[in-house]
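Engineer: Got a structure for you, questions after.
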Amino acid sequence: GYCVFYDECGRNPLLNNTLVCPMFDQGENSTYACCTIKQLASLEKSLTLSKAVLVRCPSCAYNFAHLHCINTCSPNQSQTVKVTKVLNVTELNRTREAVVGYQAFIGKTFADTSFQSCKNVRIPATIGGYAIATMCGRYGAKLCTPQRWYDFQGDSSNGLAPLDIDFKIIQEGDTTGVPEGVVPYDGVALMCNETTPTGGDVCSCQDCQESCPSVLPPPPVAGHFTLLGTDGYLVISIILLILLILSFVLYLSVSCLVASHKNKKKGIHRGKGKDKDSDKVTEKIIHPSEVTCAETNSLAAQAFLSSQFRIWGTIIASYPLTVLLLSLIVVAVFSVGLKDIKLTTDPVELWSAPNSRARQEKEFHDTYFDPFYRTNQVILTAPGRKGHIYDSLLFGPQNFSGIMSKELIIELLELQTRIQNIEFWSDDLNRTASLKDVCFAPLNPNNPSQTDCAVNSLPQYFQNSLDNINAKVYMTHSPLSFKDITDLGMSCMADYGAPVFPFLAVGGYENDAFSSAEAFILTFSLNNYARSDPKFKVAMQWEKEFLKIVQEYQKDPKNSFTFAYMAERSLEDEINRTTAEDIPIFMISYAVIFVYIAVALGEYSSWKRLLVDSKFLVGLGGILVVACSVLASMGFYSWIGIPSSLVILQVVPFLVLAVGADNIFIFVLEYQRDVRRPHETREEQIGRVLGNVAPSMLLCSLSESVCFFLGALSTMPAVKSFALYAALAVLMDFVLQMTAFVALLSLDARRQDNNRCELLCCIKVSKQRPKKPNKGFLMPFMKKYYAPVLLHRYTRIIVIVVFIFMFCGALFLMMNVKVGLDQELAMPQGSYMLTYFQYLNKYFEVGVPVYFVTKKGFNFTSVDGMNAVCSSVGCDQFSLTQKIQSYVAIPANSWVDDFIDWLNPQSKCCRLYTSGPNAGHFCPANESSRFMAYHTPLTNSQEFTAALKMARELADEITVGMRSVPGTSPDFEVFPYTYVITYVFYEQYLTIVNEGLFNISLCLLPTFVVCCLLLGLDLRSGLLNLLTIVMIVVDTVGVMTLWSIDFNAVALINLVTAVGISVEFVSHMTRSFALSIKPTRVERAIEATAKMGSAVFAGVAMTNLPGIIVLAFAKAQLIQIFFFRLNLVITLLGMAHGLIFLPVVLSYFGTYIIFLWVLYV
């Protein structure tokens, strides 16, 4: 062969500022080359840009240069190159013939191997983009082939090639179209996992799949727990069901045998007697000698408490006005703190403990880096427009969706421009503010103009220029190209200087088929200022104007889009809005409860005494006592600096009302059913009645208060503050009931004794009060019908079996309850955010961005340190970025890789400070650094939680690997951090199950201890009390699974509340049974059910149910699910266990304490 062209002879007249002759650096002392030294130097410069993006893979860069070396400088140039176009070029008054086009013939094996070595090389700065995408023109990485790759290299219109080269890839043995004397070049091309002759290492795993090390497959994901080939929890539940039923049957059998034996031995008849209500009983009567010391202590404790409360009640009833005044003063003093009340609405402050891992990581990130930017977004679709198929000569049939039209792109640009031009007066800046005052401007953060603001959208591919759009609308398969490879020659970069990633511009496409996208995505990013920063208010004000414009645009009938939108402030705005809108619902709920209490407390012996015997003012007083206890609690904690929350405002009054109403009913009904003894004053009667019921009220209130105080040990701020507020409110409610309400009842009793009408105290009625106590309707009904039927011999067996089945079924369901809280549930029905969440889940191709942040203690300046982080050639195969790549949707953006590329001798760039006191100096990264990637799309809280768990496991694995690098601090750490509150909010679900078990266990503990202590160490009653409450909680969680109620912090608060309400259903009944003096367990269960069960039903169940049902009409889904559904379940299950299961259990296993004591005395 021979040289076809040689040396440089000027500039190509067909191009601007491009050298004519292609050049190649063959190295020193090269022999036989069709190049001059000047040509080689120029070739080296010409290849710089291409090699800069390929140098991460030395074999790729070598292959790339190899072909141009052969074409330009091979001594056998004539065998592979055929000149097709020459021109006369005059330079320095000398005219010479110059080559401006030629054909190059390449063997297919060489071409394919070269292409394969380069096709997976990445550009880290583009967050995982492929280098080949910038070198294949309009085809991008996906549609690029060896022929298209070489066609781009030989296209002088791309701004890179100095002349036109027509590359011909020839199949081995095929001579068709090959000129005579030409031999297609088929030299040895290197594979990406081979070293280069010049000593270059094999390419990294990230750029070359063949270089990836063989790793053990991950352990199989733990499947669902199974036993005997089926669901393990179901098997355990069935076994437990069988064991419990068999144990119960065995207990019945043994009890009958033992009782029969003792009766025969003592000559006691058994099983055929009747009590005074003519109920058949089969229980034995215990001899006084069986009374134990513990049983003696029990009655002594009851006698002591009753006597003390009797004295207290008599004193309070004797001075009602003084007591009411003092109570009012105390409440007023506590309530003064309300002036300093602070409502926490920030989700971070509500659900994440200050010392939690996520909070600490967030504070670290925000300290060393700016807080994550604020996102304001519009997702637009055009569902009514038909798409079309375009049969492209280059790409083949292409599906263009209806939204991909010039008219809609221009309309999107108009909306974008309108938003960008937002201006408003800012009091904080004392001037007109605009987007540039608050926008995120990554390339010019100190003094940004409007075009520096990071706005991501499809029009950014045209630099937001209407002229560019009008010039020619087309679709490119390489949106990350440096330059548009068409006759337009436009840039593909956004106007703020960065590339626009396709997944931030369009959505609803598959496999990078951008032309089939179903949605436009328009995103405005703002700086996320601290709430104390004046610019925070400016950003909030800009977002308010943004929402106003978008909402106006949505109402415009001329707009062509159907769309969803959100601002960073939207979540908080919508939560606050729905809370305000649902306040009337809560007010109606409380009003319904008040009306019920006022009506249900009345005696109603005759129409003439209707206004005398009514208890409207007593009911109002009871409601005011509840309100005052809540105000006192809120005022006290506000005074000492513990913030409140909307959950507290909604739940605590409801809880205290349930507890307080029960105590009110028990006290008032006991007074109405009581007959004043001879020579006993009204005040003494009230004191005696209070002595009878106050220990039971103390038992419940103290159990609940201690329960909530222990609940304050929770690490969740919302649960902790709720527990503190609820504990003090319940305690204050009991204190006010023992003082103010007793005084109020004393005044009302005085009025009723004087036959004065309520509200119209000056009017008296002539009809006297009946001397027979008014037992109402409920107590006689339960005594005569309900209790005997419930406690019938066969009914009791059925009840035990049914509730055992319910408990075991609930245990199985409890193991399948979902954990989490989707953002959608926090939004009211009809909220624009619900539509946004639907669009987000449907159209977004990636999930939230995630940073892997390195803390202090790692030396990035050492070779080992850089190798442990980077992903390019020579880096550790298990480096930080290599590991991240295998887990996330978009590989990590690594500044270390960029820095290594910049240090390439071909580049003049360095990592330097661009401003500030260190301007021009090297920017070290010894303190902290971060590497950005993206999660896969996440649609619900379970997926977010799993992503957090996986990201932490990955970060921990990376930490272990990087700590092994010499010179690394032993406390060095890598942690994941993502969008604003994502990890901070979802972190709670990693531990909420354990947190819930801990909190509920702490609440159950005092119910047992207090019950035992106040009943004089009555362990049996305490255990039965505890058992019933546990069953209520377990059954509640089981029903949560059936009714699609997820377990989360809000549910946990309600379950803690359930323990408190369950105490009301259970403890009163347990104590009433323990104090009964009936001769048998069955009779005592009947008496407790009739006497106390009626009060509990009227005071707890019927107080809660009307108010709960009203909540079904609330707009907020959170209230409908966690306040209506869950509280309805809690109330119904509490009523079922307290009024059905507990009396039956007591009739089998209850204590004999008081009856034995009576016999003994």
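Keep in mind that glycine also has a Cβ here, set from the backbone N, Cα and C atoms.
Positions annotated as transmembrane segment by TrEMBL: 233-260, 316-338, 583-604, 616-640, 646-669, 689-716, 722-747, 794-815, 1024-1045, 1051-1074, 1095-1114, 1134-1160 (among others). Per TrEMBL, domain 'SSD' is recorded for 582-747.
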Engineer: Does the chain bring the transmembrane segment (316-338) near the transmembrane segment (646-669), so that three or more CB pairs sit under 8 Å (pairs 6 or more apart in sequence)?
Structural biologist: no
Engineer: Could you give the residue numbers and ranges of same-chain residues that sit at least 6 residues beyond the transmembrane segment (794-815) on either side and whose C-beta is under 8 angstroms from one of its C-beta atoms?
Structural biologist: 231, 233-234, 236-238, 240-241, 244-245, 248, 252, 1031, 1034-1039, 1041-1042, 1137, 1140-1141, 1144-1145, 1147-1148
Engineer: Grab the same-chain neighbours of the transmembrane segment (1051-1074) for me: Cβ-Cβ under 8 Å, and only residues 6 or more beyond its ends, written as numbers and ranges.
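Structural biologist: Answer is 298, 647, 651, 655, 658-659, 662, 666, 695-696, 699-700, 703-704, 707-708, 711, 716, 718-719, 722-723, 726, 730, 992, 995-996, 999-1000, 1003-1004, 1007, 1011, 1014-1015, 1018, 1021, 1024-1025, 1028-1029, 1032-1033, 1036-1037, 1040, 1045, 1084-1085, 1087-1089, 1091-1093, 1095-1096, 1099-1101, 1104, 1122-1123, 1126-1127, 1130-1131, 1134-1135, 1137-1139, 1142-1143, 1146, 1150-1151, 1153-1154.
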Engineer: Which whole number is the mean pLDDT over the domain 'SSD' (582-747)?
Structural biologist: 85
